[in-house]
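Going by TrEMBL, these are the annotated features:
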type	residues	note
DOMAIN	19-55	domain 'EGF-like'
DISULFID	Cys45-Cys54	disulfide bond
REGION	86-105	region 'Disordered'
COMPBIAS	93-105	compositional bias 'Basic and acidic residues'
Amino acid sequence: NSKLVDLERKFQGLQQTVDKKVCSSNPCQNGGTCLNLHDSFFCICPPQWKGSLCSADVNECEIYSGTPLSCQNGGTCVNTMGSYRNPCSNIPKEPEEGSRDWHRE
């Protein structure tokens, strides 16, 4: 019985060593966090990255389309690697005094 317990401890120690080696190579990119699984790993990606290794860019322009985070006032969203730019053009300016063409609700 003690041989079996000793063998089980050795196996668990070997398994932990194997598991540690999977993430020791830092397979997750762009700030992803590596989780050791039994015989593989899993990457938890930051919000702006996706994929098994966090190497695929998330298109925030598509995700935020139609929400308050999307471009307003005729602006065009520009997706960039790991982020996006939201240069909103055609923003109405304050009307000149006496103007009746524009009002704020």
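Going from the start of the chain as shown, residues are counted 1 onward.
Using N, Cα and C of the backbone, Cβ positions are placed for all residues, glycine too.
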For the domain 'EGF-like' (19-55), what is the mean per-residue pLDDT, to the nearest integer? 91
Counting every protein chain present, what is the number of Cβ atoms, excluding its own, within 10 Å of the Cβ of Cys54 (disulfide bond)? 21
